[in-house]
Amino acid sequence: MPGRGRCPDCGSAELVEDSHYSQNQLVCSDCGCVVTEGVLTTTFSDEGNLREVTYSRSTGENEQVSRSQQRGLRRVRDLCRVLQLPPTFEDTAVAYYQQAHQLAGIRTARLQKKEVLAGCCVLITCRQRNWPLTMGTICTLLYADLDVFSGTYMQIVKLLGLDVPSLCLVDLVKTYCSSFKLFEASPSVPAKYVEDKEKMLSRTLQLVELADETWLVTGRHPLPVITAATFLAWQSLRPSDRLTCSLARFCKLANVDLPYPASSRLQELLAVLLRMAEQLAWLQVLKLDKRSVVKHIGDLLQHRHMLVRKAFRDGTAEMDAGEKELQGQGQGQGLGDEDVGSSSLELPAGKRPSSPALLLPPCMLKPPKRVCPAPPVSMVTGDEDISDSEIEQYLRTPQEVRDFQKAQAARQAAQGTPNPP
């Protein structure tokens, strides 16, 4: 057979293919010499008798790893090494990426979503192992848009059916506060702005817990709340030197980015602290404002559980309390004037005690303004004819029914038509 070479022993050209198990062999039919066996060769002259074997036939793989998947796997491994994650994290993130890349919704997605897929798999792995890592950190490393990243993250969790716990706020506070450059003196940080790390972290945790108890954290990004709490904790430890420092300058000194909603979270925290300060007798005479209340944050946090209960009332229990108050009004009418007078000794005449504020999320206390659609213009003038089927809705008494029947009979008689049976 031409084109297959000759037998090296007898020189015959009668070479045939013989399958030995799953291995193809080229055998001389005259002398039985095995010319080629498998894909391994020992000399350069043997290469002329070999044929090219495809990757899928030699390894049993039906599909090759695409270039985009190879780039994604490299990106996953690079992220894990940059973040200094344990090797087990890297293996889990790679496995999640390979599973997600096989999904039809991901393979046909646009390039922007595929680029953030590696970061989503790393974030899922860290969340499952309670490793403090935020979405913003991954987006900064990948130069990715936060909205695209969050949408892809939720899609991957849903498609893969993963159980991802929520981020531990305490661990996030410790990790985030450790990145502040305020714990050692430097040319960019004056000595009066340097603070002890443990004191600042302890007070920041208390302020974040207070924000969590008063609905300032629910449904929001945690970093703006933590930034505002860290700023207040830093100011309250040495208020005489730091009250003049603004939030923007504080973030610049600490070498951290200022989140956009941090100013709003700061004002909400100060409003909560003012409400709590109104419940302390020695602070009521000082007429505190949002700037001077920072000096007394230590006292407020020391009694925060009692002050929160006194300063706020639960919105869900408000209706129950109102019903009990209405029921007690009838019983209280028999009380004498002495009891009524004793309850209002400290209040001026004609004034009622102020009720505590509602303990509700800010989105319910100040709902966003929505455009109300204009009511449809009614073209009804009142002169329209009423059909016989609709007029029955306007009849109320039997007398009206009889009068209507008489009027209808008279109308038919006037028109010369016989009455219906």
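Cβ coordinates are placed from backbone N, Cα and C, and glycine is handled just like the others.
The structure displayed is predicted, hence computed values, not measured ones.
So that you can see what the record holds, here are the features copied from Swiss-Prot:
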ZN_FING   2-36  zinc finger
BINDING   C7, C10, C28, C31  Zn(2+) binding site
REPEAT    72-157  repeat '1'
REGION    108-114  region 'Interaction with target DNA'
REPEAT    173-249  repeat '2'
REGION    325-357  region 'Disordered'
MOD_RES   S355  phosphoserine
MOD_RES   C363  cysteine sulfenic acid (-SOH)
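On the structure: features taken from Swiss-Prot.
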residue : record                        : DSSP (3 states)
C7      : Zn(2+) binding site           : coil
C28     : Zn(2+) binding site           : strand
C363    : cysteine sulfenic acid (-SOH) : helix
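Residues P8, D9, G11, S12, E14, S29, D30, G32, C33 surround the recorded Zn(2+) site, their Cβ atoms falling within 8 Å of the Cβ centroid of C7, C10, C28, C31, which are themselves excluded. Taking Cβ-Cβ distances under 8 Å and a sequence gap of 6 or more within the same chain, the neighbours of C10 (Zn(2+) binding site) are C28, D30, C31, C33. Taking Cβ-Cβ distances under 8 Å and a sequence separation of 6 or more, the neighbours of C363 (cysteine sulfenic acid (-SOH)) in its chain are G219. Over all protein chains present, the Cβ of C31 (Zn(2+) binding site) has 12 other Cβ atoms lying within 10 Å. Mean predicted confidence for the repeat '2' (173-249): the pLDDT average there is 91. Around the Cβ of C7 (Zn(2+) binding site), the number of neighbouring Cβ atoms within 10 Å comes to 21. For the region 'Interaction with target DNA' (108-114), the DSSP counts in helix, strand and coil order read 4 helix, 0 strand, 3 coil.
If you draw a 10 Å sphere around the CB of C28 (Zn(2+) binding site), it holds 20 other CB atoms from the protein chains shown.
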